[in-house]
């Protein structure tokens, strides 16, 4: 499953989903119903789209009508979906809590869950399309414990006579490093966009590279620095000033200042107005910026404001 939450991690949902579908991907996932509906609008009809609503309910009827598969992690939402079956049977993916406490049915609820879902499936109210969980991906031991609990949850469902559908536990990091976590599907988010984990393996080891570049035009030049037309209002962390280098035609240069609308970068011989500076991209990875300010690469790319122009160049 390709994860396209947060406007495809700031890359542009329509562009990413369309390109992915053209490449043959037929399964997408997101963390809200609005993005699920937007994804459905641009992908082929035979594509599966999963959305796990985090508190929202207003778009539920539209999502069901659009055949969005719904991630369910609480009895309130489950009951609501069962009650709606008169108009259309919903395909659900049950989220189970395997220790991260990020959401999902707790272990003490699994037997009751199995009984409720079994009755609903038998009556035709819902279809069990999958079982899934989030894991911390912090240590092998913790992840092994989470996997054991996940297997216990699936066992509780199968003991009740249910077929679990698609089992998906791993996201990007675990799907790369732990083949035994892959089950029937994996949810690939950050790695699909070439964003490596902060403090983790480098991109070359993972075999990924950023697919987005943030380029800023040079608008003024002096002996000490060039001024580029991007700043904190566009989504740059002001704390990046003095902490990172950015890429120029003459190599890496320090990012000296981050203002509201413009920033200052160390100059180089021959610099001129109209040149471009790569703030992040293959030369300076988003995660490198993130590590300098104590966050993750995903936040660097998703912070870029929607008014910053996007240009798409698809590889042949």
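Cβ coordinates are placed from backbone N, Cα and C, and glycine is handled just like the others.
Note that TrEMBL annotation is computational and uncurated.
TrEMBL has this to say about the protein:
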type	residues	note
DOMAIN	211-313	domain 'Alanine racemase C-terminal'
MOD_RES	5	N6-(pyridoxal phosphate)lysine
Mind giving me a neighbour count for residue 5 (N6-(pyridoxal phosphate)lysine)? Other Cβ atoms within 10 Å of its Cβ, every protein chain shown. 20
Per DSSP, what is the residue count of the domain 'Alanine racemase C-terminal' (211-313) in each of helix, strand and coil? 20 helix, 33 strand, 50 coil
